[in-house]
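Worksheet: the structure to be examined is printed underneath.
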Amino acid sequence: MTTSKRHYHITTFGCQMNKADSERMAGVLEDMGFEWSEDPNNADVILYNTCTIRDNAEQKVYSYLGRQAKRKHDQPDLTLIVAGCVAQQEGEALLRRVPELDLVMGPQHANRLKDLLESVFDGNQVVATESVHIIEDITQPRRDSKVTAWVNVIYGCNERCTYCVVPNVRGIEQSRTPSAIRAEMEELGRQGYKEITLLGQNIDAYGRDLPGTTPEGRHLHNFTDLLYYVHDVPGIERLRFATSHPRYFTERLIKACAELPKVCKHFHIPFQSGDNELLKAMARGYTHEKYRRIIDTIRRYMPDASISADAIVGFPGETEAQFENTLKLVEDIGFDMLNTAAYSPRPGTPAALWDNQLSEEVKSDRLQRLNHLGNLKVAERSQRYFGRIEEVLVEDQNPKDQTQVMGRTDGNRLTFFSGDIKELKGQLVKVKITEVRPFSLTGQPVEVRQAIPV
């Protein structure tokens, strides 16, 4: 089949892992000769990379898909793909709901997109949701940025939080080898990328599934050692990582982050609830006291560290007193960013079957109250930036003001300042902060730090 001047469009829902998967699948499509189309209505292949963490994200997918399914009646050569977590969860049921679909593929099959599409082009309707070993990516991803990049270090999750569908749809933990991770990072350094975010659903579990143990009996490979191993990759100026689990977040890792200058002093560590009974019901494997000790240890080693987190309100059986324990934790810690959600029952999870579900009214009320407090604390934390000089990695032009560029501080705060994107993109610029807002900063450029050439 010829693919000259044929176009594709990918719409991505959900987490950073999905965004990284979409970049890899875009790379596969471009290797096959397809060109990107910003407008899905001009595309010959439309791929929805989906999220099932909450019901509203899942329903949005069906809304988008319905519009394109109607289009296919007039354009039968249109290829429709649902990838990601909804595809994995629903499998062949998706074909019954949307018979116009050509390909349903779970996240473990992202690197197999070419083979799956070739089967579709041969006239088959394909479902690929079986559990497989994730093959190393042999295709260069089409990355959305030329400055920052995602690098997967571990796929899947072995945790069994009672509210979470991720282990069901992303499979068991599969760690990449340190050499494969470093090789990808070295190539990114040669291409001029400056910042890499190492990704995993539970990144602190890295290496547990790889062979080998030390003489002391611990796993031969672990995430802390990986940070030391990749820290000196030429050309890479910054390292971030996500997402962490409090159960596995160690003082040794904290110490490494404090010692390694390229590691950004920003930590995303979900706590989900500030109440121990709820944490036990969620099967999170830690207490709020342990979570607080982790944050205290981070701030002891790195007093100015930026901390972000996730929290759930309205978990089955949550009492007002238990919810207030979550409010107290947020008040006491003071997060730099707080992602919140009302509990959403997900198919195949234990908590979805419990008979102590809360009303939507209670969940909505608690979500509003938590957001109000969280935003107040974020605004308080932002005030410390005023008048300081922060180093900002310039990523792009401010879409709302063409005279400004934008980037992020070491602590992951979005920052705007005057400048020419053609001169500054990918540069580290010292910026004096002159205006603070809860979620962003504005400043004046002071000095451009010249990166060491690769």
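Here the Cβ of each residue, glycine as well, is placed from N, Cα and C on the backbone.
Feature list (source: Swiss-Prot):
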DOMAIN    6-122  domain 'MTTase N-terminal'
BINDING   CYS15, CYS51, CYS85  [4Fe-4S] cluster 1 binding site
DOMAIN    143-381  domain 'Radical SAM core'
BINDING   CYS157, CYS161, CYS164  [4Fe-4S] cluster 2 binding site
DOMAIN    383-447  domain 'TRAM'
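Known features from Swiss-Prot, placed on the structure.
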| residue | record | DSSP class |
| --- | --- | --- |
| CYS15 | [4Fe-4S] cluster 1 binding site | coil |
| CYS51 | [4Fe-4S] cluster 1 binding site | coil |
| CYS85 | [4Fe-4S] cluster 1 binding site | helix |
| CYS157 | [4Fe-4S] cluster 2 binding site | coil |
| CYS164 | [4Fe-4S] cluster 2 binding site | coil |
For [4Fe-4S] cluster 2, what surrounds CYS157, CYS161, CYS164 with a Cβ no more than 8 Å from their Cβ centroid?
GLU159, ARG160, TYR163, VAL165, VAL166, PRO167, GLN201, ASN202
Please report the Cα separation of CYS15 ([4Fe-4S] cluster 1 binding site) and CYS157 ([4Fe-4S] cluster 2 binding site) in Å, rounded to an integer.
14
Note: in the chain of CYS85 ([4Fe-4S] cluster 1 binding site), residues six or more apart in sequence with C-beta under 8 angstroms of its C-beta are GLY14, ASN18, THR50, CYS51, THR52, ILE53, GLY106, PRO107, VAL165, VAL166, VAL169, ARG170
Per DSSP, the domain 'MTTase N-terminal' (6-122) contains 66 helix, 23 strand, 28 coil
Spatial neighbours, same chain, of CYS161 ([4Fe-4S] cluster 2 binding site) - Cβ under 8 Å, 6+ residues apart:
GLN272, MET282, ALA283, ARG284
Please compare the binding-site residues CYS15, CYS51, CYS157, CYS164 by how many other CB atoms fall within 10 Å of each one's CB, and tell me which has the fewest.
CYS15
Overall pLDDT of the domain 'TRAM' (383-447), taken as the mean:
97
